[in-house]
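Asks: So that we are looking at the same thing, I have put the structure below in structure tokens.
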Amino acid sequence: MFRTKRSALVRRLWRSRAPGGEDEEEGVGGGGGGGELRGEGATDGRAYGAGGGGAGRAGCCLGKAVRGAKGHHHPHPPTSGAGAAGGAEADLKALTHSVLKKLKERQLELLLQAVESRGGTRTACLLLPGRLDCRLGPGAPASAQPAQPPSSYSLPLLLCKVFRWPDLRHSSEVKRLCCCESYGKINPELVCCNPHHLSRLCELESPPPPYSRYPMDFLKPTAGCPDAVPSSAETGGTNYLAPGGLSDSQLLLEPGDRSHWCVVAYWEEKTRVGRLYCVQEPSLDIFYDLPQGNGFCLGQLNSDNKSQLVQKVRSKIGCGIQLTREVDGVWVYNRSSYPIFIKSATLDNPDSRTLLVHKVFPGFSIKAFDYEKAYSLQRPNDHEFMQQPWTGFTVQISFVKGWGQCYTRQFISSCPCWLEVIFNSR
């Protein structure tokens, strides 16, 4: 019997599904710590981002993540549940095949392209009926039935569960990317089911003191940089020089300049590499190596840093991050295969005198900056805010390696590869 192309595409898609219980590569789970955590052990090593993360919590510098109800990477999985797990796998396979076989050949090809590229290539939306729910269970084929979590899934949720996050349970755990046609639409007739047009939401958690909080100690600017402007707690000075003798701090505060909403600086340890990148479009990709990449390519910058650690981390940046300005603030989506670490004043408690470092796993999104919260942080009688009005408008992002009291790196200036994002407060 001749096998049709559609059947071959369905089998190929199923083989490309996300691993359910196998160990991920070291970088996905432990790239942030990598043997550099103080008192490291099971806390960081078992938190995997590509397939897990459970409730999607963004941990502090410890990188703690809550595993989902499915119990991925449990050190001692209960043997009594082996049969149930096998039955669930068979049910999921039957349901997935029944859904995929209803798709047209062109739709299957589009889905396969998105899955195999792992989001590295911009792929089109896969528009399918939005009111179809998929019932997961014995003798329950895909049909339009009332949602009964966790046994009933919408089509986008099912495909995300199969191809990205096996522990995914509810639509509230994911966020649609702004590049998607279904972004911002409520109950559309056709909804995009491309699993790489959605991201997993990070849920902030309160860290157990005293492990994740550290004082905001300022370092002095270097003597050779008279124009240095302290823009962050750790670097102590970022020497921004703009054409015409104006510092970038003055440029950011020019009332008539509204062409950009933020600028990005790339650092390798204590050295800034390349020029500032002004962002005008609502979305920006920051990457080292990205197929069909369009944005801020770190791989094209000339770096004289010969450190093996810097070169190793640089090679792991890969697809990097996506920075998007949306209605409720600025979001960061981790497109790479390794965790990123973020510090932002608007992610922390407004009453706190210290800031947290949040670990964001691959495939996860976090609202890294909130304009309303940032404005509320400005205190007119505070000398620091008077001298540096954009201090609360700065976000720091480190690739692969974390920093803070939990790590040997106390300051972000010790991280191999990191970004400083300064938002235009006007």
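These residue numbers are counts, starting from 1, taken along the chain as shown.
Each residue, glycine too, has its Cβ placed from N, Cα and C.
Feature table excerpt (Swiss-Prot):
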- 14-42: region 'Disordered' (REGION)
- Lys64: N6-acetyllysine (MOD_RES)
- 64-207: domain 'MH1' (DOMAIN)
- 67-76: compositional bias 'Basic residues' (COMPBIAS)
- 67-87: region 'Disordered' (REGION)
- Lys70: N6-acetyllysine (MOD_RES)
- Cys125, Cys180, Cys192, His197: Zn(2+) binding site (BINDING)
- 208-211: motif 'PY-motif' (MOTIF)
- 208-217: region 'Important for interaction with SMURF2' (REGION)
- Ser249: phosphoserine (MOD_RES)
- 261-426: domain 'MH2' (DOMAIN)
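Situate these features within the shown structure.
Replies: Regional average pLDDT for the domain 'MH1' (64-207) in the model is 76.
DSSP assigns Cys192 (Zn(2+) binding site) to a strand. The Cβ neighbour count for Cys192 (Zn(2+) binding site), using a 10 Å radius and every protein chain shown, is 24.
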Asks: Under 8 Å between C-beta atoms and at least six apart in sequence, can you list the same-chain neighbours of His197 (Zn(2+) binding site), or say none if there are none?
Replies: Ala114, Cys125, Arg176, Leu177, Cys179, Cys180, Ser182
Asks: Can you count the other CB atoms that lie within 10 A of the CB of Cys125 (Zn(2+) binding site)?
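Replies: Looking across every protein chain shown, the total is 18.
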Asks: Including all protein chains shown, what's the count of other C-beta atoms within 10 A of the C-beta of Cys180 (Zn(2+) binding site)?
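Replies: Its Cβ shell of radius 10 Å holds 19 other Cβ atoms.
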Asks: For Zn(2+), what surrounds Cys125, Cys180, Cys192, His197 with a Cβ no more than 8 Å from their Cβ centroid?
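Replies: What remains near the Cβ centre is Leu126, Leu127, Arg176, Leu177, Cys179, Glu181, Ser182, Tyr183, Cys193, Asn194, Leu198.
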